[in-house]
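Undergrad: Take a look at the following structure, please.
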Amino acid sequence: MRPAGALSLAGALSLAGVLVGDSRAQPAGTPLSLDLGRTVPPGGDALSHGRGPDCWEVRKRNSSEWCRFVRSNPDCRLDGGFLDYLEGVFCVFPPRLLPLAVTLYALWLLYLFIILGVTAEKFFCPNLSAISTNLKLSHNVAVFSLMFPLHGVTFLAFGNGAPDVFSAVVAFSDPRTAGLAIGAIFGAGVFVTTVVAGGIALVKPFTAASRPFLRDVIFYMVAVFLTFMILYFGRITLGEALGYLGLYVFYVFTVVLCTWIHRRQRGDGLAPPAPWEPEMPTDAEEQESSGTNSGDYGEEYQPLLPSRETSLRILTAALSPLDYRKWRRKPWYWRLFKVFKVPVELVLLLTVPVVDPDKDDLNWKRPLNCLHVLTSPLLCVLTLKSGAYGLYQIQGIFPVWGLVTLVGSFLAIITFITTSNEEPPKYHCVFAFLGFLASAMWINAAATELVNILRTLGIIFQLSNTVLGLTLLAWGNSIGDTFSDLTMARQGYPRMAFSACFGGIIFNILVGVGLGCLLQMTSSQLVVKLEPDSLLVWILAGALGLSLVFSFVSVPAQCFQLGKAYGVCLILYYLAFLCVALLTEFRVIHLSAV
């Protein structure tokens, strides 16, 4: 797992605010209302919300009326995104081909998760790492040993949790999809703290680090309790939204303080951990042996003597997302997955620069980086607000994307003339910020499409946003962490993987809810109403809290020695929760008073 780089949290929050923008206009002084269950509860009046028939009503009508209903109903309009999935499934495809449309949408949904994962892992996180290095956060070794936990719980967490947070922010931006955000954040929390943590204990029984575990579980329980109270009162104020972000800052401070106290008690000068190691075990009572970082797989094939290459050859090699030596020795399923990833990686290579401080040349590819001077800004203006800004006509004559193309081409030519292939320029660090911005725009665009297609599937199958969030969105955003944590456990580092389960999701819930609601507030709207009109929301919140209490009690009771019995209990707990959630969604379990 690549470490994320360093960027101020305020800067990251400001960037997310620019990327997502404001919510739909509301009357001044009226709290913004976010529905966390169905837009209209089953059996409710379709006109009860005063905005015409709800889009969920489309499946109750005759198939010949689907297209007209979708096109004429304001509630069926998807905010943001490049594709109108509702019109596609109900107007482009005839009713008899609805299963084909759903199949294509499901495949596109899986591919969106691949886009999110590839962008975060290979472009977003490395550029954050480069920004950390360029800001000189680790040049002093004495300071670095204390600052590395800060790096891990802020920038590493921001890099690894980018898809989750961006998805939550996008979902919160529309009252009709807010349930996706709550479902995904809570659903991912239940999944990671039960299935992933239990899987680690099954793969390799181990002794957990006591102090990091207790610290992370306590903070996470506090975050879950605060969210439960906000749902109970049905609103979140500006102070409460800022309190979420402030609690995460306090968590970061606590991690750094615990690390400093622990090292003072040990009385030895510990060397800083390897760059790829997660933060969580740094203040553990017993340090695990650290492995060596193999680096990029292509480095072993570098020639012994450097040779001068032409710009065309450098560009061709830099744009190749496939290493043929690695391809030959990998199994068939890896090759199959790589085939699907290659188009995404190629487009990202064309539009997102990557600065790698671990390489001698800092990953400077002169022809490709000069091309990035043009393509990265062009990408940003064409993806911001789904291209609305890029297509805007200046004085009604010249489009913004045309101006960006002219300015970018001029700067690219100047950069190419004033630099060489062998040595990166002094301003090469600027490409890290440019790559960070471009990769963030890709993540935001993919997250917007993801939320829109999930809402479409919910309308097709008559499912609430909450159940879609706790299943599809939570599973998709957690699958990368699942594989990386289980792989880390199999390689002999179960404590690192287990600590990451509880430490990483703290960032997701505190920043996801706090930032998501904060961006919906304006100077005239300092309150966001949350309307959990479904029993499923309370089951989800209760299940997450109960799983945390179970681990908080059972892990110390076992003297922090976690074996297969603990793992089996967690996985059975998740299966039971999933059954109850689905039975509640289909109203087999219901309360008449709710």
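Numbering starts at 1 and runs along the chain as displayed.
Backbone N, Cα and C define each Cβ position, glycine as well.
Summarising the annotation, TrEMBL assigns signal peptide to 1-25. Residues or ranges marked as transmembrane segment by TrEMBL: 97-120, 141-158, 178-205, 217-235, 241-261, 332-355, 396-417, 429-447, 496-515, 535-553, 565-584. According to TrEMBL, the feature domain 'Sodium/calcium exchanger membrane region' maps to 106-256, 432-582. TrEMBL lists 272-299 with the feature region 'Disordered'.
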Undergrad: So, do the transmembrane segment (97-120) and the transmembrane segment (217-235) meet, by the test of 3 or more Cβ pairs under 8 Å (sequence gap 6 or more)?
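TA: Result for the transmembrane segment (97-120) with the transmembrane segment (217-235) is no.
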Undergrad: Rank 241-261, 396-417, 565-584 by Cβ pairs under 8 Å to the transmembrane segment (178-205) and hand me the top one.
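TA: Selected stretch: 565-584, with the most Cβ pairs under 8 Å.
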Undergrad: For the transmembrane segment (241-261) and the transmembrane segment (535-553), check the count of CB pairs under 8 Å (sequence separation 6 or more) and say whether it reaches 3 or more.
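TA: Not in contact, no.
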Undergrad: Does the transmembrane segment (496-515) reach the transmembrane segment (217-235), going by 3 or more CB pairs under 8 Å (6 or more apart in sequence)?
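TA: Per Cβ check, the transmembrane segment (496-515) touches the transmembrane segment (217-235).
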Undergrad: Under 8 Å for C-beta pairs, could you tell me which stretch among 217-235, 332-355, 429-447, 535-553 has the largest tally with the transmembrane segment (565-584)?
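TA: The stretch with the most close Cβ contacts to the transmembrane segment (565-584) is 535-553.
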